[in-house]
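What TrEMBL lists as transmembrane segment is 41-64, 76-101, 121-141, 162-185, 205-238, 259-282, 302-323. According to TrEMBL, the feature domain 'G-protein coupled receptors family 1 profile' maps to 53-320.
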Amino acid sequence: MGWGDMDPPNGSVGGRSDTCFGAFNTSDGRTDTRNSIASPWFSTAFGLIGLCSNLFALCVLLSSSRKLSSQARSSFLVFLCGLVVTDFMGLLVTASVIIPYHFIKFAWTEVDPGCHLCNFLGFSMVFFGQCPLLLGATMAGERFFGINHPFSRSTSISKRRAWSIVGLVWGFSCLLGLLPVLGLGRYTLQYPGSWCFLTLLPTTGDAIFCLLFALLGIFSVLLSFIFNTVSVVTLCRVYHDRESVQRRRDSEVEMMVQLVGIMIIATICWMPLLIFIVQTVLQQLPASGQIQMLPTETQKMLLIYIRMVTWNQILDPWVYILFRRAVLQRVYPSLRPRPSVLSLYPVLNPSLRRKLTSN
């Protein structure tokens, strides 16, 4: 998502606030916009890099999942696979609309007078934007309980259950993206006229949908931060405990390194946009009903933040590609396989220990 680096559409559609074309005036600053927008080949190359990165990461994930005997690690790879598939499809779907527009320069008002294409693109931006944040929080929660409460369940999450959880995240994000189609909020064409997104206007429906999207994203990032922080503290305590320093398990560390990397990327790429949406909506609420078009500066800032968000989908796969144990062992040769974090609890019933460690 976030391919907003194109020329404005042909024809002025400013002022048509009753359709998806009324969020900004395309006749305002047309020349400046053309001069400030990057080459179409840059956008195409940018998209191809993201697609290839996610495709490569997916191949590595599928290869790794066939060699694993650990169920905990397998379920974690399922969540990672769901994240990579989401990022890949997000880039593919949005690029399939934006890149052709960039080369053909079709007029949105003529090609999409009923706003169906705009609604589809807006839905894609919300769906493929919210999914990675929710999946990151889900992965952090799963690792939190796996590391801090290893005896609260007799077995780790199975692959089937992990895929069911991924499906629930996709379903919830789909429902969220369909809200404007069902009447809550609107998807409108955004500056410079090449992409559609939620509408940052102070009308009741738009404000509720914007705040729902932004606050849910912020909550997901904060939840990931809390879960990951506690899990990292637990693993650090294991590493610095003299009695258990030889009983640590590097797979837990590997998973946490990847989770922390995903969290940092999501925070840097997403938080500016989410905070900007909340701030903009709340500042405009007192003028509800009076503002019919986004200010030029707001449009430009939204474009900048969307471009930042695009990097999330490109960098996510490299977190797994670069921070795998096989790669880390080349950089840090002393990293060798060790027993599980369950070794923190040496006094166990033998049968229970066999049952817990068999996965």
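Note that Cβ sites are derived from N, Cα and C of the backbone, with glycine treated the same way.
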Residues from the same chain, set at least six apart from the ends of the transmembrane segment (205-238), whose C-beta lies under 8 A from its own: 126, 129-130, 133-134, 136-137, 139-141, 143-144, 147-148, 176, 179-180, 183-186, 198-199, 244, 247-248, 252-253, 256, 259-260, 263, 266-267, 270-271, 274-275, 277-278, 281, 284-285, 288, 341, 344
In contact by Cβ distance (the transmembrane segment (121-141), the transmembrane segment (41-64); 3 or more pairs under 8 Å): no
Contacting positions for the transmembrane segment (121-141) when only residues 6+ beyond its ends and CB under 8 Å are counted: 1-2, 20, 76, 79-80, 82-83, 86-87, 89-90, 93-94, 97-98, 165-166, 169-170, 172-174, 176-178, 180-181, 187-188, 195-198, 213, 216-217, 220-221, 223-224, 227-228, 231, 259, 262-263, 266, 270, 309, 312-313, 316
Mean of the pLDDT scores, which run from 0 to 100, over the domain 'G-protein coupled receptors family 1 profile' (53-320): 85
Outside the transmembrane segment (76-101), six or more residues from its ends: residues with CB under 8 Å to it: 1-3, 6, 40, 43-44, 47, 50-51, 54-55, 57-58, 61-62, 64-65, 68, 117, 120-121, 124-125, 127-129, 131-132, 135-136, 138-139, 142-143, 159, 162-163, 165-166, 169-170, 194-195, 255, 258, 262, 312-314, 316-317, 320
Same-chain residues at least 6 beyond the ends of the transmembrane segment (302-323) whose Cβ lies under 8 Å from its Cβ atoms: 1-5, 46, 49-50, 53-54, 56-58, 60-61, 80, 83-84, 87, 90-91, 128-129, 132, 190-192, 195, 197, 200, 254, 257-258, 261-262, 265-266, 268-270, 272-273, 276, 294
